[in-house]
Structure formats: C-alpha cells, structure tokens
Amino acid sequence: MSSAQNIKKSIMAPVLDNNPIALQVLGVCSALAVTTKLETAFVMTLAVTFVTALSNFSVSLIRNHIPNSVRIIVQMAIIASLVIVVDQVLKAYLYDISKQLSVFVGLIITNCIVMGRAEAFAMKSAPVPSLIDGIGNGLGYGFVLITVGFFRELFGSGKLFGMEVLPLVSNGGWYQPNGLMLLAPSAFFLIGFLIWVIRVFKPEQVEAKE
C-alpha cells in the first residue's frame, strides 16, 4: 500500500469504519452539549482535531523518553497546554462562540478520544502517522457533531449558522420550530439514528449475538 493510500486510510477510517462516537462510544457528552448550533459544532470539531493531532504528534516525539509510571501525567500536561491555547484563541477571536461552548472547551483535556489516541496510538507510533491519526479521529468526531448539529439547528430553530433557512411562523412563514431538538435527549436520538444508518451500510459493525 502506498504512502498516499496509508494517509487516506488513516484519515478516512475513523469517519465511518471506526468512528470514535458511533462505534467506540467516546466523547458522547460534548456531542450532546455543543450540537444545538452548527456553528458551535464546527468550532468544537476544529478545536478537538487541533488538540488531538498536535497532542499525538508531541507525545510521539518524546514517547521513548517518557517513564512508564508517569506517561498519563505527561500526556495530560501536553493535552492541557494545547487546550489552553485553543481556549485563549477562541476568547480572543471568537468570544461569543467561546461563551456558548463554555466549559466544554476545557473538558477537551479529559476527552476520551484525545487521551485514548495518545495512549493507544501515539505512544507506539512515529510522529507523522500519529499526527495523521489525530486528524482522522478529530474528523470522525466532527462528522457526528456536524451531522447532529445540522439537524438540531435546522429543525430546532429553522436556521443554519444562525441564518433563517425555514420560514418561521414568527416571521410570517410556515415553520414552527421544534423545541425538542434543542434539548439534549434529541442528540441521543440523532446519534442513535446515525449509528443505525452506518450499520445498515456496514453490517460488520453490528455486535455478535450473545
């Protein structure tokens, strides 16, 4: 397999074949909290992808010099440093979105996807493959967030990226926003539906009967 094919596989596999939310069931809490708007889902995707990619790369660079007894602490220190950078950049340039994301940017530090890839992949792999793996898993996470955020904002408020798409009753149109879509349980339903759709096309992901 060529280098280009390896890169493509590393980036695309976490989107559908091994999605961190849909298959591994990681990072679900933030998926419920930040998907009421497509804008916040998109920014959270960028933030997690940035942190996952660079933390993977950084951990991989020093993996042979990290004592086994403190490896988790070192990984968390690297992840926390990157999260602080992301948080400060959002506060400086996207303050309104930063307020909407609230504590969930800081909680990227404990996101199972970020920590899991650092421990399971970056500690055992070279820097460049680790960087690509981080990008792929960030995009896999973002695929679910953006899909859920699209439907929640569209049907919950009749808007996308804050712009009216469905003519609202309050503005003389025909669409009455569905308030349920703005509540966290709707994200559970949508994620469940998305998992079902993925498994219809990829039946190998269905768990074997006990």
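Here the Cβ of each residue, glycine as well, is placed from N, Cα and C on the backbone.
Annotation source Swiss-Prot lists transmembrane segment at 42-62, 72-92, 103-123, 131-151, 178-198.
Counting Cβ pairs under 8 Å to the transmembrane segment (103-123), the stretch among 42-62, 72-92, 131-151, 178-198 with the most such contacts is 42-62. Against the transmembrane segment (42-62), stretch 131-151 has more CB pairs under 8 A than any other of 72-92, 131-151, 178-198.
Residues of the same chain lying 6 or more positions beyond the ends of the transmembrane segment (72-92) and with a Cβ under 8 Å from any Cβ of it are 43, 47, 50-51, 54-55, 58-59, 62, 66, 98, 101, 105-106, 108-109, 114-115, 118-119.
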